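Before any comments, here is the structure.
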Amino acid sequence: MKKIKLWLILVLTVGLSLAACGSSAAEQEKSSTSASTEKTDEPITIYLVRHGKTWFNTMNQVQGYSDSPLTEIGEKQAEAVGEGLQDIVFTSAFSSDLARQRNTAKLILSQNAEKAPELTELVGFREKNFGSFEGQSNDAMNIAVAEDLKLDYPTDSDELWNFLKEQLGEEELADHIAKVDPEQEAETYEEIKARAAAVMEEMIEQAEKNGGGNVLVVSSGGIIPIIMEAIAPGEYKGEKISNCSVTTLTYEDGTYAIEKIGDTTFADQVKQ
């Protein structure tokens, strides 16, 4: 009888021990899962880069949702930025699904001294949608805007674009492009700004899950100023956003700060 009692005690003891171990393991797994998805409070530094020079840039063609490959110069610009940022440890990297942005990001990351993060594509980082003007000459689009406003405009392409930006500003210019688009497919300023705000929120959420730190974002020259206006109203004053220029932002406690706009220190090392 005593042997049976001892046997029962042993069985109960082992059973309780196993149950306790199982409970402890489950708690540890739950704790680990919670920690991996928890957002960080660490500040985030964002290196917002315009893509390298493309074929459409060279040929003076409208390039928004439409795409064209990087030129040899554009590739060298991206590599120069990568070399300049090679000691930055990136925890996250983003671009849109446009090849010119994606390839610029990959070339930058390829020069990094550390193990590069996987590139995440967020459609919201695409350039403005210029509707039926896509692929046409920039002059065709800009002259359509100038004539609609009955402006006495310069004939030089670069002068015309700068003239329109000075006369109208980012918002009115985007809205007039949308107005004169024959197919009415071009985005309005508010549509672009809403997209910019949404994609930045999505990017920050993913970056926080990756631990914050340094983040690479490659986008386009038309939307980068609107991104800045969406996250830090009034801070952008019309600075030029050249190919492979670097705009540096910080994000902490729900607030953005713009540290530097359109820095071409690295891209300028490439001979045009």
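Quick reminder: no glycine exception, Cβ is built from N, Cα and C everywhere.
For reference, TrEMBL has these:
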type: ACT_SITE; residues: His51; note: active site, tele-phosphohistidine intermediate
type: ACT_SITE; residues: Glu127; note: active site, proton donor/acceptor
type: BINDING; residues: Arg50, His51, Gly52, Lys53, Thr54, Trp55, Phe56, Asn57, Arg100; note: substrate binding site
type: SIGNAL; residues: 1-25; note: signal peptide
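Structure with TrEMBL features highlighted.
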{"residue": "Arg50", "record": "substrate binding site", "DSSP (3 states)": "strand"}
{"residue": "Phe56", "record": "substrate binding site", "DSSP (3 states)": "helix"}
{"residue": "Arg100", "record": "substrate binding site", "DSSP (3 states)": "helix"}
{"residue": "Glu127", "record": "active site, proton donor/acceptor", "DSSP (3 states)": "coil"}
Neighbourhood of Gly52 (substrate binding site) by C-beta distance under 8 A, where only residues 6 or more apart in the same chain count: Leu70, Thr71, Ile73, Gly74, Glu75, Lys76, Gln77, Ala78, Arg100, Asn103, Thr104, Leu107, Asn243, Cys244, Ala267
To see if you understand the setup: which same-chain residues, six or more apart in sequence, place their Cβ under 8 Å from that of Thr54 (substrate binding site)? Gln63, Ser68, Pro69, Leu70, Thr71, Gly74, Arg100
Can you tell me the CA-to-CA distance separating Arg50 (substrate binding site) and Glu127 (active site, proton donor/acceptor), as a whole number of Å? 10
Measure from the CA atom of the residue listed as 'active site, proton donor/acceptor' to the CA atom of the residue listed as 'active site, tele-phosphohistidine intermediate' and give the result in Å, rounded to a whole number. 10
Environment of Arg50, His51, Gly52, Lys53, Thr54, Trp55, Phe56, Asn57, Arg100, the listed substrate site - residues of the same chain whose CB lies within 8 A of the CB centroid: Gln63, Ser68, Leu70, Thr71, Gly74, Asn243
Between all pairs in Arg50, His51, Gly52, Lys53, Thr54, Trp55, Phe56, Asn57, Arg100 (listed as substrate binders), what's the biggest Cα distance, rounded to the nearest Å? 15
Between Phe56 (substrate binding site) and Glu127 (active site, proton donor/acceptor), the C-alpha gap once rounded to whole angstrom: 13
Filtered by Cβ under 8 Å and at least 6 apart in sequence, the residues in the chain of Glu127 (active site, proton donor/acceptor) near it are Gln63, Gly64, Tyr65, Ser96, Leu98, Ser219, Ser220, Gly221, Gly222, Ile223
Cβ atoms near His51 (active site, tele-phosphohistidine intermediate) (within 10 Å, other residues, all chains): 30
